[in-house]
Amino acid sequence: MVKAIKIDNLKYSYDERSLFSDFNLDIDAGQWVALVGHNGSGKSTLAKLILGLLVAEQGDIDVFDERLTVETVHHVRSKIGMVFQNPDNQFVGATVADDVAFGLENIQVESSEMPQKIDNALTIVGMQEFKNREPHTLSGGQKQRVALASVLALQPKIIILDEATAMLDPDGRATVMETLQKLKKQFGKELTLVTITHDMDEATLADRVVVINDGQKILDGTPAEVFSQRKALHENGLELPFANELAFHLNEKPNKYMDERELIQWLSTLNK
């Protein structure tokens, strides 16, 4: 199996605090991996290390068999697209189409080829009809889909989304996650997705969930395998996905008759 990302014996410290020590992680090409953990667990730092925005003290990072070094960092980055948390910080163009074109201009795509590439990328994420709109007129979810289109136009092998839905309302969050599912289905093994999140419901959509805390890999497996470890998740500051947490508490329902009012009162305690 081809490895999209391979991390061996990674060590990284910040302000004399060790964030990663002998950290190892392999991600197969075409896999959707959710990196989850509470704020400060190290997951966003890991993304910056993979992109070469931070430099590890020791260890190796390979992206599709290319070792990340000072000499190769720009070529490695060309294989990776990144979508960040705040959609407003990612727009540089006057219109949606201009924004998608910006990345293409940076890699010196011929101007005659740009319109087709822009239309293709916007169509994939369902934003083609908005291509002449000004970014400030879009919703948060629409802005993040445009950010995805800007990345897709560059044809990366890997897309990393760093808390890309954290600032969105439920509708915006849902549209972005639906778009990711569509990308997974459309591109298959040709596209590797890495979603960094603390939202467990989002993580259930991935092929694989990796739980990180204090720079250590705590759990690693399918969503079913990871979310069966309720105690370990709670010990690391995480909750189960809502449906799983509800199912757990329903199993603890008092074994006695309750009328409708009592049942409602008991259910209301589950949200505290």
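Each residue, glycine too, has its Cβ placed from N, Cα and C.
Straight from Swiss-Prot, the features:
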type	residues	note
ACT_SITE	Glu163	active site, proton acceptor
BINDING	Gly37, His38, Asn39, Gly40, Ser41, Gly42, Lys43, Ser44	ATP binding site
DOMAIN	5-239	domain 'ABC transporter'
Across all protein chains in the structure, which of the binding-site residues Gly37, Gly42 has the highest Cβ count within 10 Å? Gly37
Surrounding CB atoms that lie within 10 Å of the CB of Lys43 (ATP binding site), all protein chains: 24
Other residues, Cβ within 8 Å of Gly37, His38, Asn39, Gly40, Ser41, Gly42, Lys43, Ser44 Cβ centroid (ATP site): Thr45, His198, Ile212, Asn213
Once the chains shown are all counted, how many other Cβ atoms turn up within 10 Å of the Cβ of the residue listed as 'active site, proton acceptor'? 20
So how many other Cβ atoms are close to Gly40 (ATP binding site), meaning within 10 Å of its Cβ? 12
Check each residue in the chain of Asn39 (ATP binding site) that is at least six apart in sequence and keep those whose C-beta is under 8 Å from its C-beta; list them in sequence order. His198
Here the binding-site residues are Ser41, Ser44; which one has the lowest number of other Cβ atoms no more than 10 Å from its Cβ? Ser44
Intrachain C-beta neighbours of His38 (ATP binding site), sequence separation six or more, cut-off 8 angstroms: His198, Asn213, Asn236, Gly237, Leu238
Could you give the Cα-Cα distance between Glu163 (active site, proton acceptor) and Ser44 (ATP binding site), in whole Å? 9
In the predicted model, what is the mean pLDDT computed over the domain 'ABC transporter' (5-239)? 91
